[in-house]
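Student: Here it is: the structure, laid out below.
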Amino acid sequence: MTHLSNTSNQQGTSPMPFGRYTPFVPVDVPDRTWPTKKVDRAPRWLSTDLRDGNQALIDPMTPARKLTMFELLVKMGYKEIEVGFPSASQTDFDFVRKLVEEDRIPDDVQISVLTQAREDLIERTVDSLVGAPRATIHLYNATAPLFQRVVFHVTPDECRNIAVRGTEMVMKYAEERLGGIVGSQDFGYQYSPEIFTQSDTDFALSVCEAVSDVWQPEAGREIILNLPATVEMSTPNTYADQIEYFGRGLTRREHSAISLHPHNDRGTAVAATELALMAGADRVEGCLFGHGERTGNVDLVTLAMNLFSQGIDPQVDLGDIDEVRRTVEYCTNLPVHPRHPYAGDLVYTAFSGSHQDAIKKGLEDLDRQAAEQGVPVGELPWEAPYLPIDPKDVGRTYEAVIRVNSQSGKGGVAYVLKSEHKLDLPRRAQIEFSRVVQQHTDTEGGEITPEEIWSVFRAEYLDRRTPLELDSVHTSSAAGEKDQLTVGVFVDGERQELSGEGNGPIAAFVDAISGLGHDVRVLDYAEHALSAGGDAIAAAYVECAVGEKVLWGVGLDPNIVTASLKAVISAVNRA
Ligand SMILES: CC(=O)SCCNC(=O)CCNC(=O)[C@H](O)C(C)(C)COP(=O)(O)OP(=O)(O)OC[C@H]1O[C@@H](n2cnc3c(N)ncnc32)[C@H](O)[C@@H]1OP(=O)(O)O
Ligand SMILES: CC(C)C(=O)C(=O)O
């Protein structure tokens with residue numbers, strides 16, 4: 001048995017055998033220009049959900065699920081859709097036939113089908129397209145030295161020849177079976193030097209040139225040269241260098257679309273794609289939510305939303321991102337991660353206190369600006385702490401933006417009370433109540449839902465009945481004189497009538513209950529209506545010193561005076 005010894009490094013011996021791995025050797029482009037370029041429009045998109053995405057599923061999609069996915073992609077606005085590998089299985093072949101025979105391909109959509117460079121497979125592939133209004137045939141063979149040596153047992157020339165022969169066969173069968181329409185405006189051809197990232201870039205270029213020599217691209221007869229990062233090999237900049245280098249060396253550039261097909265082995269497919277677009281690529285192939293072989297293809301949703309968040313039209317509709325996610329989850333039978341950019345369950349949610357505080361302030365600031373300018377918030381430029389886009393723009397709501405657990409502070413709790421119950425607690429009351437909630441989360445653990453926050457709030461401030469409960473209130477005041485007040489209160493369940501006087505009803509009430517031995521001083525007071533209109537409920541917040549303790553009370557009542565007195569009672573009962 002071979003035993004791998006640990007590898008030494010400068011620090012000593014590592015438990016990881018890193019010495020087995022060879023650093024990637026990038027193509028040399030010292031005068032690269034892409035780092036200063038900007039992406040200012042969406043590329044041409046091709047969704048390969050029904051091919052690369054489907055071939056990598058534990059349970060490949062049933063025909064019904066394939067159709068659901070196709071319809072989703074069309075509805076979202078994808079104009080190029082790879083619908084399968086018709087020579088792989090009867091299911092794939094039949095699916096293409098279904099689209100063609102049932103006339104399901106909209107006029108502005110180009111389907112695409114993939115084949116290896118093998119005659120029997122090419123013939124079958126072309127047959128699947130008979131009667132199609134338009135389509136692209138996509139041929140591939142691997143150009144990397146490892147594949148030439150280990151998989152195909154060919155020399156570089158023989159490898160190039162596989163691509164050339166394959167292209168000739170596509171043209172031959174298309175002439176025969178499709179009436180010579182391949183190469184017309186509507187029937188296209190695509191070639192991929194598979195494993196482009198691991199290939200010698202000059203060699204991959206020479207194979208593409210040889211394929212183009214056969215195809216003879218010209219105006220109205222484009223060739224798509226698709227340069228896959230079949231396996232992502234290195235940092236995103238190295239892919240961008242390969243793409244710029246390839247584009248510079250390519251002849252007939254104006255009749256060739258340079259296409260990207262990135263995979264995500266290193267977790268940087270999105271970045272690699274964005275840099276490669278800066279390096280001059282025209283087109284991107286990927287899958288919704290990054291499905292596909294191993295770690296997946298580049299994620300089309302993230303790419304599109306990244307453009308959107310920079311003020312660029314993504315050319316696809318993600319206005320109901322949850323619906324897109326649900327459909328993809330149904331078709332693939334795989335869940336989308338809760339932290340998936342833009343679409344995950346948790347990505348518009350803040351749990352931690354300082355984030356919640358900043359988001360709450362940001363959303364309030366937008367509300368204020370909207371009110372000042374008399375426009376809906378949706379018409380204002382988006383700017384909010386911690387939220388790169390407005391969740392509403394993808395059909396998500398603010399409701400779930402802030403969730404509360406033991407990491408949360410006053411901002412989150414206050415946001416929940418305000419958004420769910422219209423209670424706008426004064427700052428010190430927020431701090432006080434967030435400590436109450438903190439005690440709850442520390443004891444119970446986990447998240448506390450808005451319903452639980454409300455029930456803790458009620459129990460703490462609104463529902464205490466002892467020692468005092470207000471039953472009736474009668475006030476009288478004359479100009480220049482102190483307020484006179486008579487109240488009926490239950491004292492530990494027993495009704496009593498009390499009277500007091502003071503500068504205002506609260507002072508008169510404090511005076512009235514002082515006879516019961518309650519030493520109360522009012523330190524701060526705030527009130528607001530919970531809603532507009534004559535029958536609105538008022539909320540009163542009173543900060544009191546009750547004996548030695550300083551604490552808040554809250555009262556709700558249609559009558560503002562009664563609400564204030566209830567707030568004082570709330571503080572006394574809490575004390
Ligand atoms: C990176 C990618 O995602 S590429 C797309 C990959 N997707 C798929 O493979 C899914 C669909 N494929 C299939 O169902 C099958 O591979 C089929 C039906 C197309 C072919 O099946 P089989 O005939 O059994 O061949 P198999 O899958 O084992 O392919 C290997 C053979 O094809 C050759 N081959 C592989 N790729 C290519 C290619 N692009 N062009 C020409 N020959 C190729 C291999 O060298 C090997 O040949 P050998 O048997 O002489 O050694
Ligand atoms: C066939 C090619 C484009 C492919 O799927 C890949 O290289 O990942």
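Using N, Cα and C of the backbone, Cβ positions are placed for all residues, glycine too.
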Student: In TrEMBL, the residues Asp52, His261, His263 are said to bind Mg(2+). Which of Asn237, Asn297 is said to bind at that same site?
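Tutor: That Mg(2+) site, as TrEMBL gives it, pairs Asp52, His261, His263 with Asn297.
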Student: What's the number of neighbouring CB atoms sitting within 10 A of the CB on His261 (Mg(2+) binding site)?
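Tutor: Other Cβ atoms within 10 Å of His261 (Mg(2+) binding site): 25.
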Student: List the residues of the same chain that sit at least 6 positions away from His263 (Mg(2+) binding site) in sequence and have their Cβ under 8 Å from its Cβ, in sequence order, or write 'none'.
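Tutor: Expected: Pro228, Ala229, Thr230, Val231, Glu232, Ala269, Gly292, Glu293, Arg294, Thr295, Gly296, Asn297, Val298.
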Student: Considering the binding-site residues Asp52, Asn297, which residue's Cβ sits among the greatest number of other Cβ atoms within 10 Å?
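Tutor: Most Cβ neighbours within 10 Å: Asn297.
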